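Report on the following structure.
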Amino acid sequence: MAPTLCAACKTERALIRRPKNHQRLCKSCFISVFEDEVHHTITSSKLFFPGEKVAIGASGGKDSTVLASVLKTLNERHKYGLDLVLLSIDEGIKGYRDDSLETVKRNATQYDMPLKIVGYDELYGWTMDQVVEAIGKKGNCTYCGVFRRQALDRGAKMLGIRHVVTGHNADDVAETVMMNLLRGDLARLSRSTSIVTGDSSSDVKRSKPLKYAYEKEIVLYAHHKKLDYFSTECIYSPEAFRGSARGLIKNLERVRPTAILDIVRSGEDMARLVPVNTGRSCACTADAAPAVAAEEDGVGGCGSANGRSSGGEMADMEKQLRQSEAAEGLEVDVSAKQPPRIAKPKADVVRLPVRSNGSGAKVLGQQTLGTCERCGYMSSQAICQACMLLEGLNKNRPQIQI
Amino acid sequence: MVTKEEAGLQPLERPCKKCNKQEATQISRTEPVCRDCFTQYIYSKCVRQIGIVGKETQPPQGAPPIPRRYVLGLSLGTSSTVLLHIVNSYVDAILSKGRRSPFDLDVICIDTSISDYPNEQLQRTAETYRQHYPRLNVEVIPLTAVLGIPSIDWTSLPTLKQDAASPDQLRDLFSRLPSATSRADILRLFTRHLLIHTALARGCQAVLFGHSTTTLGALTLAETAKGRGFSLPWQINDGVLPVGDFSSRDRDPTAATPTKQTIRVHYPLREIYRKELDTYAALTDPPLAEIIPPEEAVDRAGSVVSHRDLSIDEVMVRYFADVEENYPSIVANVVRTTAKLSRLDAEERCGVCGMTLDETGDERWKGEIGEGGGGGDGAGRSGLCYGCERSVHG
């Protein structure tokens, strides 16, 4: 049997079956297709401007390593004129970061990029190991997630950089969409899908250039480009909503590879259906979506707990929902005479051009964005989450609930 | 001292939390309840929803009353059978008070076997249902009746085989769809179209579906995974559904859009878990479980969807059965949450699923993904939504 030829160049032997659409490609065509797609994402969303200083959130993992490699390649090839810097966070977890930080250091020399490592200890006065020692293994992912989100921004600020790119891929976004549906969190759902969070009004803008790239293709790219990356799971990572969503997505991808991208698409569309969310999902134009609390941007760095509670997260929510259901049950007798009305035929139909701004529209997840009184980081509360948690830690007792 | 004769007065071992009079034998949402309270709970949850349909289809005040007529989609599974049973008992209860029936009911079972021969097994099952519910009209309609109905744009699907019998045409159409997921998806849409079409043709005001909370939850995530996030609120919420007409467009493309037809679509079992329906089916007298045919006997999708290849719908059904086991309220919450999403309406409808087309979304997506290279030329003009485009063309 003659070897299958690459579907793109039709000369080389096809060695790779693209996870995204099962197209058969040769090695070099796969690499160029992958890079072209990221380039397309960058240009269509107008992520960068010439001369922009951009920090790459680098963990030493496959996603951020591929992001750094691709951005360096594209920056040179398409003359973006970007000033790229690697920015790493050291959570202070022994054995977890030590090796990955070594990887990042090697990446810095390989890609000839400056590297800045910011430690939790210098930002907050606590390493994660110390936090775990103080509060135990349960719930510490809340701290890690909250601290990490700010850490990248604070680190970027220290370097005078206003744009951080992260390695979140299509699988991460799809996972977040499913997770927020399971959690019934529409406000987060509407935020999590946008490629850019934060805009000109906030100090630091975040974007995810690999938003449409499949995790499997990222691994393939790293493999074929022989990139130097470090793979490990956070040693404290628990199973929760995200874990459940992750398992589901892996199953769906097996059944229909396009499912991941289809979920991302669904998520973007649903974001526009969330009442009182005027935004288009990408913030690429001037009248961009408001900088809805990027502090709470869905995807947590370690991808395990999303900066929320750990372990029995699903069980906790189940319990909470049951309690409110029981409370509802008590109300039934009072309201029994007036069964809840479904809106009149036309009332629940919103015409397309009018983006559900009707006065009767329900307000969901409406937050006014301010800054934290203590650290100046953007926050919808007077004091940001990180400062709240720190206060608890510094009083030497765990914070019960945010 | 308590003797055996006084057993009636004996304190119950585990009294029902609701009536306190009988021994609790069931668990209803964490509370131990007796058989009667359990069935009453399920019954009243469903009847409340039926009441809402009645209220919504009421003519405006002062207008003459209209005879109400609904279609009930019977899949011969547990859920739709329980729905049928409850609706029937509800009407019975009203009739026994000497009042008029609040509505007429057409119970319609779509035969998805797509066979050249009459499906005798299905006919026998339908006969059992007729004997069980003599007052009701249980009909079997073959799926082939979907061919040519105006709410589907047949030009956007693979062209039908010329000069062939309709079962042959339909089988051929399914065989040309790209995957098991596509076939399961189109089969579900066709069944839905046919029920809605039948209801409209008979002047019915509403179609009732037997979806449970669990089914709706699974449907929500399955449609999300198939790229139909935009039309999700139209698919799983109760309410008025506009139905497009593609037949007039064929004859005269310049013709003004015909008067839009609308129909109500309701899921009266939306607040009941799948497991509760199973329990209910076993508790009725005689147990409904006896008339519900075993799943392999009906084999809803077997004719067109091979069992070897799993579809996204099946993955989701399994996942939700699992989640419901441990976290039922989370399943219910998924359904409640999706109900909060707005329904955006526009003139243009998808030729296959019949839902609103999302042109702004399609345009933006194509810009961001940079599609077009992969043989998707003319994708924008096909008149299909993102999810149907995927199902029809892969």
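Just so it is clear, glycine is given a Cβ too, placed from its N, Cα and C backbone atoms.
The feature domain 'tRNA(Ile)-lysidine/2-thiocytidine synthase N-terminal' is assigned by TrEMBL to A:53-233.
DSSP gives A:GLY57 (ATP binding site) a strand state. A sphere of 10 angstroms centred on the C-beta of A:GLY57 (ATP binding site) encloses 26 other C-beta atoms. What TrEMBL lists as ATP binding site is A:GLY57, A:ALA58, A:SER59, A:ASP63, A:ILE89, A:GLY167, A:ASP172.
Here TrEMBL flags A:370-401 as domain 'Cytoplasmic tRNA 2-thiolation protein 1 C-terminal'.
Classification of A:ILE89 (ATP binding site) by DSSP places it within a strand.
By the criterion of other Cβ atoms within 10 Å of the residue's own Cβ, the least surrounded of the binding-site residues A:ALA58, A:ILE89 is A:ILE89. Across the residues annotated as binding ATP (A:GLY57, A:ALA58, A:SER59, A:ASP63, A:ILE89, A:GLY167, A:ASP172), the widest Cα-Cα separation comes to 20 Å. A:GLY167 (ATP binding site) falls within neither a helix nor a strand when secondary structure is assigned with DSSP, and so counts as coil.
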